[in-house]
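Peer 1: So TrEMBL lists the following for this protein:
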- 20-113: domain 'LCCL' (DOMAIN)
- 120-216: domain 'LCCL' (DOMAIN)
- 232-322: domain 'LCCL' (DOMAIN)
- 328-425: domain 'LCCL' (DOMAIN)
- 1-19: signal peptide (SIGNAL)
- 454-474: transmembrane segment (TRANSMEM)
Amino acid sequence: MLLKVFAVLLMTCISSVMTFAIVYTCETNARQQYEMFFPVLCPKGCASHTYTIWGNGTYTHDSPICRAAIHDGRITDEGGAVMVYKQPGQMSYVGTERNSITSSSYGYWRGSFSFTPNIPDTPITCETPALDKRFVLLNTYEITCPSGCVSSSAEISGDVIYAHDSAICVAAIHDGALTNDGGKVTVYKQPGQPFYVNVTRNSINSTTSSYTRSSFSFRSDLPDVNDPPFACGITAHDTRFGTQASYNITCPKGCLNDDRTIWGSGSYTHDSSICRAAIHDGVLTDDGGPITFYRQIGQPSHIGIERNSISSSAYGYWRSCFSFTPKAQDPPDCTTTAEDPKFFDASQYEFACSPGCANSTADISGTVVYTSNSSICKAGIHDGRITDADGGWVKVFVQPGQQSYNGTDRNSLTSLQHGPFLSSFSFTKNMTDDGDHSTVTTEKPEKVKNNDDGLYALLIIPIVLLLILALFVCRKYEPLQKFT
């Protein structure tokens, strides 16, 4: 018992020292930290690194902290100390160039961080689009644009009416609502247009663009905008689909060869092409025709699968979706097996697993190759493809039935032994064992009984000396715990 007490005290002290003596590099990100706010001492020279950051003021939690701090103006390339605050995931992140670092734009990301306790208001820049999250619920709003936007590299599409992903301030100069000196401008949200023309005006070139779900202008007295025809690119996020539970539309011919992306299978993210999703789902052919789609709540994950000559993409949580049946497809969970009907026509597919599937009551049978009635996510942990703590995406390959399946202990999970089974799956195409089995155990070691109690007496003296050393180290490094 005394030995255990000394060991716990020693490890606690060492852990405390290690926690506050973290060495931060130019690539360290906030996702690697567990505290909600924490100090970071950045090294010199991070501005020249090529690690990508996403956002402006608020950054995705996988962005390098020190490069983001330079971008945000908190430190220079000489390095220095900053305080980092973890924030909730944001619906979008705007990319800008600040302090000689260019950040990238991104859509929804599940975690973020900033350098202030509260999420800062992202400044309006020449690159800020009408898609910015601050304007999503507004039909009319006023912003103040900076000067010098004529030389911005941000793109715009359209003339008088601009696609919603166009940079507002650049479009305002193009429209004549502002000069290159910047200033205040009022923006009016408009319905999506089937086409946006390219015109050169006021030293700015706009580009051609196809249908987007919404647009904007700088005039409130525009003539009535007729609903655009339903094209292959129309999505459930279109402004006309915001009130009813279901809608009937007629899709044109030829959407099979359209290159617009769709995400999901059965349930699709609301920014997926409705007509292509209908072909993928089997309720429509490439000849087009009438369909009914149903708005659904967001799903925790969307699988990617090839069906009817269209490959959909996988994605994680998305805030709303649609389907072609009144009841949305059940979201995947830890008990989903490869026998699920949505996988019947697939030879391979991606599947999203939530954290904590190791505790599921679902069974798995096999090693490397698993019976098709095994839990996909639990097998993914057993095979070393994902961890129980983080979950994640696995790629599943459908395999023929095997004569036997070996049961083993791997990664803290026990699979069952099984005889012949009709079908199988694996996480490699050729059924090879190349997963991460760093914690694989094939045999359970026997406990060794040791009755030599005199050994503990001999260990007391060195343990006491180690404890004194640990207390000395703790006191020596105590200033590291104070951040000013």
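Cβ coordinates are placed from backbone N, Cα and C, and glycine is handled just like the others.
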Peer 1: Do you know the DSSP helix, strand and coil residue counts for the domain 'LCCL' (328-425)?
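Peer 2: Within the domain 'LCCL' (328-425) the tally stands at 13 helix, 35 strand, 50 coil.
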Peer 1: For the domain 'LCCL' (328-425), what is the mean per-residue pLDDT, to the nearest integer?
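Peer 2: That region's mean pLDDT is 87.
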Peer 1: Counting by DSSP, what is the helix, strand and coil composition of the domain 'LCCL' (120-216)?
Peer 2: 14 helix, 35 strand, 48 coil
Peer 1: Could you break down the residues of the domain 'LCCL' (20-113) into DSSP helix, strand and coil, giving a count for each?
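Peer 2: Grouping H, G, I as helix and E, B as strand yields 14 helix, 39 strand, 41 coil.
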